[in-house]
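Report on the structure given below.
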């Protein structure tokens with residue numbers, strides 16, 4: 001996942017007809033009289049010293065042995081080990097290293113909770129007892145904690161299984177950082193019968209325990225491109241005999257910047273950045289080709305694919321002006337296209353209301369739009385759902401650096417909070433799906 005903060009913070013509460021009281025389920029719905037007891041039960045289970053210690057142990061074990069996308073064999077084995085000990089059935093392998101577990105009633109409604117589990121090719125610079133033991137690899141995006149929190153939620157739900165009137169689908173997903181994991185899990189039919197899905201990501205943009213999200217458009221769609229402009233090689237001292245691909249590439253880069261500044265509505269945020277240029281090998285030879293590439297981002301599908309279309313048109317047009325030929329490739333496996341992340345308004349409201357009962361109303365914030373991207377967007381194209389950010393900023397513990405930093409570190413006090421939010425969302429979904437929601 002891209003850094004969860006560039007210049008702005010990452011991430012209205014809309015009026016809803018649902019009441020929001022945390023209640024113990026009866027046959028058909030939660031009852032007002034026992035609302036606080038269910039909330040208290042979840043929080044007691046999440047914050048019990050043994051559970052907190054267990055989640056920390058899991059997170060630290062995963063952190064010490066980070067694995068890159070589609071290589072999460074040890075992590076997958078750890079997850080299966082813990083599910084076995086909890087007595088929770090699962091399917092494996094799913095999309096290579098993924099694990100999908102189910103618990104609850106075994107009948108509709110189905111609700112999914114997702115955690116990603118891959119690490120990054122980064123050398124950890126944090127000096128602590130459980131520092132990465134694998135050179136050049138690090139959990140610098142909190143996926144180790146995501147797995148620990150979802151296992152924590154699994155433990156809570158298993159202990160409260162008599163109260164579950166839903167089937168909870170627990171998705172432990174590989175390859176989020178590559179942008180392909182969610183799509184591959186969907187191809188394995190992990191969303192079959194699922195009516196809603198929740199995704200959660202930790203980040204130091206907010207203080208520990210603050211929940212931030214927004215309804216509708218949230219994270220940008222992200223794509224990469226690479227252009228190759230071919231010309232005619234020759235001596236730089238007699239350029240009239242050459243077709244200069246360097247000049248064509250240079251004017252292409254400048255012209256690409258005009259798309260956002262002159263063709264796009266200023267209120268429709270888009271990004272087009274060229275980040276790589278390569279050409280030639282000598283100061284006095286015009287090369288036969290030049291390559292350049294970058295990223296493009298937008299918050300709506302219309303804008304996203306419109307931007308992609310214009311990139312190709314501009315590059316090919318500028319190449320032709322300079323008597324060259326251009327090929328534009330929109331990157332696939334290495335840098336796949338990820339659609340915009342768009343939260344379902346009603347599921348967003350449900351998640352915010354549930355979260356407020358765990359962290360308190362004062363710790364719920366409306367997030368801004370963010371030009372980072374997440375492959376959780378692929379799930380949201382298939383089923384209603386929401387993606388939220390859970391703060392982990394703590395100056396005392398050193399949890400201040402952004403994701404993908406070699407100094408990234410989390411405040412482990414967030415683990416029981418994330419586990420409780422996951423569990424509470426799953427427990428609340430039955431009454432929500434039957435239009436009798438109260439929590």
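Quick reminder: no glycine exception, Cβ is built from N, Cα and C everywhere.
Annotated features in TrEMBL:
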type	residues	note
BINDING	141, 143, 177, 201, 404	Mn(2+) binding site
DOMAIN	221-319	domain 'Peptidase M20 dimerisation'
SIGNAL	1-19	signal peptide
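Mapped onto this structure are the features recorded in TrEMBL.
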{"residue": "141", "record": "Mn(2+) binding site", "CB count, 10 Å": "27"}
{"residue": "143", "record": "Mn(2+) binding site", "CB count, 10 Å": "30"}
{"residue": "177", "record": "Mn(2+) binding site", "CB count, 10 Å": "21"}
{"residue": "201", "record": "Mn(2+) binding site", "CB count, 10 Å": "28"}
{"residue": "404", "record": "Mn(2+) binding site", "CB count, 10 Å": "16"}
* Mean pLDDT over the domain 'Peptidase M20 dimerisation' (221-319): what is the value? -> 96
* Quick one: DSSP breakdown of the domain 'Peptidase M20 dimerisation' (221-319) into helix, strand and coil? -> 41 helix, 36 strand, 22 coil
